[in-house]
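Visitor: I'd like to ask you about the structure that follows.
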Amino acid sequence: MSALPPAIFLMGPTAAGKTDLAIELTKVLPCELISVDSALVYRDMDIGTAKPSKALLAQYPHKLIDIIDPAESYSAADFRTDALAAMAEITARGNIPLLVGGTMLYYKALQEGLADMPAADAQVRAELEEEAARLGWQALHDQLAAIDPVSAARIHPNDPQRLSRALEVWRVSGQTMTEHRLKQSAQSADAGASGQSQLPYTVANLAIAPANRQVLHERIAQRFTIMLEQGFVDEVVALRSRGDLHPGLPSIRAVGYRQVWDHLDGKLTSAEMQERGIIATRQLAKRQFTWLRSWSDLHWLDSLDSDNLSRALKYLGTVSILS
C-alpha cells in the first residue's frame, strides 16, 4: 500500500448523478465531501446551479459550497488552496476526502498544480467585454488564433469565459496561456523526476455518466425545465436587484444564468432562453467528456446501472483505497 493517504475523485458531466453516488459512498465509507464545482461556490445561486438542498447539505456537509459572494471571483488557484486545506483536515481526522463535481479544470489544478498565470485584471476584462460587444466573440477568437493557435484550437468562439481569460493572460503578462502551461509542464516533469508529487495523495479516479448520451441530453433538458419551474428566473431577478452584478462576472457567466440574464435584458424570449440554456448545458457536458477522455486511470460507471455503489466499492478495493 502507498505511504500517501487516500483520496477519491468522483467526476462526470453535469446531470450524471455524481452527488447521489457520493452520498451513498459516505454512508458506507469514512468519507467527507468536498465540492469541485465552480458555480456551487457562490452564495444565493441555488436553483440555477442545481445546488443540493439545505436539508441535504445539513445531513451530508460539502466543503467549498456557498463560500463566496457572486460579486467575487474564484480561480482554480483559489480552489487548489482551499481544497488542499480541506483535504488535510479530513485526513487528520482519519477520514478519506471524497471530491465530487464536474469542474475538470479544478481537478487538473489539484492533481498537477498550476502555471504561474497572472491574476484576473478587471480593466483588461472590461476592455475585452467592450470589444466583444462591438466586434463579436469570433473577432476575439481570431485574435487568439493569431497569437496562441494552440489555445484557439481548444477554445470555442462561443465560450466567452475561457476565450476572454486566454486573451487576458496574454495582455497582462505578455505571454500566452500555452507558454505558461509549457513552463508548468516542465516544472511538473522536474518534480516527477525528483520523486515529488504535485498532490500528496493516492487518488482513485471514478467517473459516472449514462452510457447512452441521449439519456444525458434528456436529463439536462428536464433539469433545466424543473429549474425554471422552481423559480430560476426569480432567483436571477433577485441577483440583478442588488445592482452590483453584471454579465462580465464569472458568476453571471455561469451556464443558465447568462441566458436568463439576457432574457431579463429583453434579448431573448422565454422560449429562446430555455432553448439556449439547455444547449449551453449540453455543450458544457460535451466539454466535460472531452476532459474526462484525457484523464488517466479513470474507472467509469454507468449512471443507469442499479448497483453503482457496489461497483465503486469493488474498484476502490482493487486500488487499495480501502486497505
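Residue 1 is the first one shown; counting continues down the chain.
Heads up, the Cβ atoms here are built off N, Cα and C, so glycines get one too.
The model shown is predicted, which means the values in this text are computed figures rather than measured ones.
As listed in Swiss-Prot for this protein:
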BINDING   GLY12, PRO13, THR14, ALA15, ALA16, GLY17, LYS18, THR19  ATP binding site
BINDING   THR14, ALA15, ALA16, GLY17, LYS18, THR19  substrate binding site
REGION    37-40  region 'Interaction with substrate tRNA'
REGION    161-165  region 'Interaction with substrate tRNA'
SITE      THR103  site 'Interaction with substrate tRNA'
SITE      ARG125  site 'Interaction with substrate tRNA'
Visitor: Per DSSP, to which secondary structure element type does LYS18 (ATP binding site) belong, with helix, strand and coil as the options?
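Guide: The three-state answer is helix.
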Visitor: Highest Cβ count within 10 Å among the recorded positions LYS18, ARG125: which residue is it?
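Guide: Comparing the recorded positions LYS18, ARG125, the most crowded Cβ belongs to LYS18.
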Visitor: Around PRO13 (ATP binding site), which residues of its chain at least 6 apart sit with Cβ under 8 Å of its Cβ?
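Guide: Expected: GLY102, ALA209, LEU216, LEU284, ALA285, GLN288, PHE289, LEU292.
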Visitor: Can you tell me which of the binding-site residues GLY12, ALA15, ALA16, GLY17 is spatially closest to THR103 (site 'Interaction with substrate tRNA')? Compare CA atoms only.
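Guide: Among GLY12, ALA15, ALA16, GLY17, GLY12.
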Visitor: Using DSSP, break the region 'Interaction with substrate tRNA' (37-40) down into helix, strand and coil residues and give each count.
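Guide: Once the DSSP states are binned, the region 'Interaction with substrate tRNA' (37-40) shows 0 helix, 0 strand, 4 coil.
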Visitor: Rounded to the nearest angstrom, how far is the Cα of ARG125 (site 'Interaction with substrate tRNA') from the Cα of GLY12 (ATP binding site)?
Guide: 30
Visitor: Please list residues from the chain of GLY17 (ATP binding site) whose Cβ is under 8 angstroms from its Cβ, counting only those at least six apart in sequence.
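Guide: Expected: ILE208, SER303.
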Visitor: What is the interatomic distance between the Cα atoms of THR14 (ATP binding site) and ARG125 (site 'Interaction with substrate tRNA'), given in whole Å?
Guide: 27
